[in-house]
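Student: Quick paste of what TrEMBL says about this protein:
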- 41-78: domain 'Alpha-D-phosphohexomutase alpha/beta/alpha' (DOMAIN)
- SER54, ASP249, ASP251, ASP253: Mg(2+) binding site (BINDING)
- SER54: active site, phosphoserine intermediate (ACT_SITE)
- 170-256: domain 'Phosphoacetylglucosamine mutase AMG1' (DOMAIN)
- 288-394: domain 'Phosphoacetylglucosamine mutase AMG1' (DOMAIN)
- GLU340, ALA341, ASN342, ARG457, PRO458, SER459, GLY460, THR461, ARG466: substrate binding site (BINDING)
- 441-485: domain 'Alpha-D-phosphohexomutase C-terminal' (DOMAIN)
Amino acid sequence: MAQFEEVSQKSAYGTAGFRTNSKQLDHVMFRMGLLATLRSKKTKATIGVMVTASHNPEEDNGVKLVDTMGEMVTPAWEGYATQLANTEQEGLLTALKDVIDREAISMAQEASVFVSKDTRPSSESLSQAVLDGVHALESHSKGALTLGFNYTLIFDCWFELQKLVSSYKQVPNRTDDQKALLVDGANGIGALKVCEMETYLKKELQLSLFNDGSSGKLNHLCGADYVKVQQKGPIGVEMSAGERCCSCDGDADRIVYYYCDSAGRFHLLDGRQDCHPHQHIPQRTAGLDLQIAVVQTAYANGSSTRYLEDTMKVIVRCTETGVKHLHHAAQEFDIGVYFEANGHGTVLFTRDSNTNDKRENAALLLQNTVNLINQTVGDAISDMLLIEAVLTIRGMTVKQWDAIYTDLPNRQLKVKVADRSVIGTTNAERRTVSPAGLQEAIDSLVNKHRQARSFVRPSGTEDVVRVYAEADTQESADALAHEVSLAVYRIAGGVGEEAKPL
């Protein structure tokens, strides 16, 4: 087997897979190639390996495995990934044999692995490290190897793009002043696909692409995460009042919309608002007797939840943070809509519509909607087209979409602690069970404010505790967040200086 740099620090496979500075990932990529091959043999199906660091800076990179139906791998296999990534070189064969024995894998079974990458400079060599892992393991077995690294993967993307374009063209034509959309491609892979797609949609949608990768660094001063965190438009984009704009991230699995009003104020419509236009097309299919639900995390604004339950009259479920949790919950319903506040999400259809139903128009609308949606864990281009389709069908401007409901003022903070594992949570991370006394302190602080809510949860990657608070005014939300952060600091072992009032 190929030799790579020894593991220098412990890594844990999470929702984002493995992600860090690209110089530290050679050995991890090689081992994920090994694991993807084993997973393919186990499932007797194609497994994907995505080399990307999403919204992270260009110098970072990462890797995540994509399971047989486009979803994330199971928790057990996430554990195997963590085990392999942290095993010293001399113990690697033993670790591999342990996985093979635990899963009763036939090494004679053929393996099929697709490898994909984003546009980072490091992605080429790191993708090759994944392939080296695939080849290394296959050289020790009797199975034949099927690789879709270039031609097959590119062909599949072209076919998917054509399906999206064809489905979008079924949407009734909008007026000329509704067709314009500014798109920030984050200098990433999404920019390439938007550029390709606009050729086919010139009559239906007038796309103006910015940060297209011809200059500028990936995610630098642009992209979905930048727009959400900074609460302003990306570099290079000049917005007229009321003009729709959207930004995807580096690997094009997140999207946020935004606009400026006539006074020049910036308005963000992030993943919390993304749920609502997606909900309108399923609502039009009510006669088809479908069970529809929206899945959220604790970070969903309270106004959003009340709007869905009280106005839209749909089921709302709350899960732990991370798309793997939302995706699993959404699968329990005929139509499951989920989006995180960061713009990452999609719509799942788990039951076919009856095209012979007497409500033929509703069934046809649902069928086109299914074809327009990529039902894996996130596709910014698909989501963009669906949002545009819904706005057209509803005759809504971006300003009217924004006015559906008003977010409660909120604030997010983080507290450095000696050990984040002291924080235990329950009820989809909305309440703590440890350390003793913390939840009682949070409840007492929340009761001091109107329309207030607050929760804390440990970070998945660093020794910090994330604090979320909302209330009827921004002043109260800021005060509550600060008060809760002090409670966390004092009860959960904070380090460094206490947070100062905002």
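Note: Cβ is positioned from N, Cα and C throughout, glycine not excepted.
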Student: Residues sitting near the domain 'Alpha-D-phosphohexomutase C-terminal' (441-485): Cβ under 8 Å, six or more positions beyond its termini, same chain?
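Tutor: Counting only partners 6 or more residues beyond its ends, the domain 'Alpha-D-phosphohexomutase C-terminal' (441-485) has Cβ contacts under 8 Å with 12, 14-15, 298-299, 301-302, 321-322, 408-421, 423, 425, 429-432, 491-492, 495, 499, 501-502.
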Student: Identify, among the binding-site residues ASP249, ASP251, ASP253, GLU340, the residue whose Cβ has the fewest other Cβ atoms within 10 Å in this structure.
Tutor: GLU340
Student: Quick check: of the binding-site residues listed here (SER54, ASP249, ASP251, ASP253), which one has the Cα closest to that of PRO458 (substrate binding site)?
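Tutor: Going through SER54, ASP249, ASP251, ASP253 one by one, the Cα closest to that of PRO458 (substrate binding site) is SER54.
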Student: Cβ within 8 angstroms of the Cβ centroid of SER54, ASP249, ASP251, ASP253: which residues besides those meet this for the Mg(2+) site?
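Tutor: So the extra residues in range turn out to be THR52, HIS55, ASP118, GLY188, ALA224, CYS248, GLY250, ALA252, ARG254, HIS344, GLY378, ALA380.
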Student: Just going by other Cβ atoms within 10 Å, which of the binding-site residues SER54, ASN342 has the emptiest spot?
Tutor: ASN342
Student: If you draw a 10 Å sphere around the Cβ of GLY460 (substrate binding site), how many other Cβ atoms fall inside it, taking every protein chain shown into account?
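Tutor: Excluding its own Cβ, GLY460 (substrate binding site) sees 13 Cβ atoms within 10 Å.
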Student: If one measures from the C-alpha of SER54 (Mg(2+) binding site) to the C-alpha of ASN342 (substrate binding site), what distance in angstrom results, rounded to a whole number?
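Tutor: If we compare the Cα positions of SER54 (Mg(2+) binding site) and ASN342 (substrate binding site), the gap is 12 Å.
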Student: Please work out the mean pLDDT for the residues of the domain 'Phosphoacetylglucosamine mutase AMG1' (288-394).
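Tutor: Taking every residue in the domain 'Phosphoacetylglucosamine mutase AMG1' (288-394) and averaging pLDDT yields 79.
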Student: I'm trying to understand the geometry here, so how far is the Cα atom of ASP253 (Mg(2+) binding site) from the Cα atom of ASN342 (substrate binding site), in Å to the nearest whole number?
Tutor: 10
Student: When you measure from the Cβ of ARG466 (substrate binding site), which residues in the chain that are at least 6 apart have a Cβ under 8 Å away?
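Tutor: In sequence order, the residues whose Cβ lies under 8 Å from that of ARG466 (substrate binding site) (at least 6 apart) are GLN412, LEU413, LYS414, VAL456, ARG457, PRO458, SER459.
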